[in-house]
Amino acid sequence: WIMGHMVNAIYQIDEFVNLGANSIETDVSFDDSANPEYTYHGVPCDCRRWCKKWEYFNNFLKALRKATTPGDSKYHEKLVLVVFDLKTNSLYDHQAYDAGKKLAKNLLQHYWNNGNNGGRAYIVLSIPNLSHYKLITGFKETLKNEGHPELMEKVGFDFSGNDNIDQVAKAYKKAGVTGRVWQSDGITNCIASFIRGLDRAKEAVANRDSSNGFINKVYYWTVDKRATTREALDAEVDGIMTNDPDVIADVLNESAYKAKFRIATYDDNPWETFKK
């Protein structure tokens, strides 16, 4: 999965997919009452990026629905996965359940069209704080209460705080999550990737590939350089988040990687661990 980073303005959906992304990451900021409000990152953000592009969250969802609904004039067949980077650090821990509830209601109405031929992309809810695990509970229970528990099959999870993998496992246990787990690892592109290294990403890959692991997919962020792309592919990650999808696509075309990797399509289940 080539994951376009910080796609917060509607026009950027086309821009990133046209550069080669089959997945996008979108920031979601919340108001004081835990309502998802804007697709907005804010300052600071990655180097060489404008941090302040934004839309109202529901307007973005409607545009995203069009981009992922077959037959729509804005449809992109290859856009198959969306990561919502949920900026819940602005909330109190006790608001996490409400944030999940309100997020589910917004997605149900504006993205899934109340279950009536809505957008088809798989969705990853990426949460920065392990203590906000109740966001998952709130999301799940709301879809059930609204009569659409089946839509949870399109939803996976990520804790994005670079926490100890054992602690991440405990948070999922509390949330009752037993699958559909993506694990992120990484650092802003402003800091040279070798300073962080790929040790934790490799630890996540080892968990993914073990018989008793809880992780299904691993992605590494934010990668804009060819050398780092190669290192991430050599570590056998499933996804690379990038500001420059064309760079990742170029490296995937190199002879060393062409035979081993391909770009995921809608038929590739993002919740299944890939067996070599």
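Glycine residues also receive a Cβ, built from the backbone N, Cα and C atoms like all the rest.
Note that the structure is a prediction, hence the values are computed from the model and not measured.
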Of the candidates D14, D46, D72, D85, the one that Swiss-Prot places in the Mg(2+) site of E25, D27: D85
Disulfide-linked residue for C190, taking Swiss-Prot as the record, within C47, C51: C47
Integer Å distance between the CA atoms belonging to C51 (disulfide bond) and N129 (N-linked glycosylation site): 22
D85 (Mg(2+) binding site) CB neighbourhood, other CB atoms within 10 A: 25
Cα-Cα distance linking D85 (Mg(2+) binding site) and H5 (active site), given in Å to the nearest integer: 10
Length of the line joining the Cα atoms of D27 (Mg(2+) binding site) and H41 (active site, nucleophile), in Å: 6
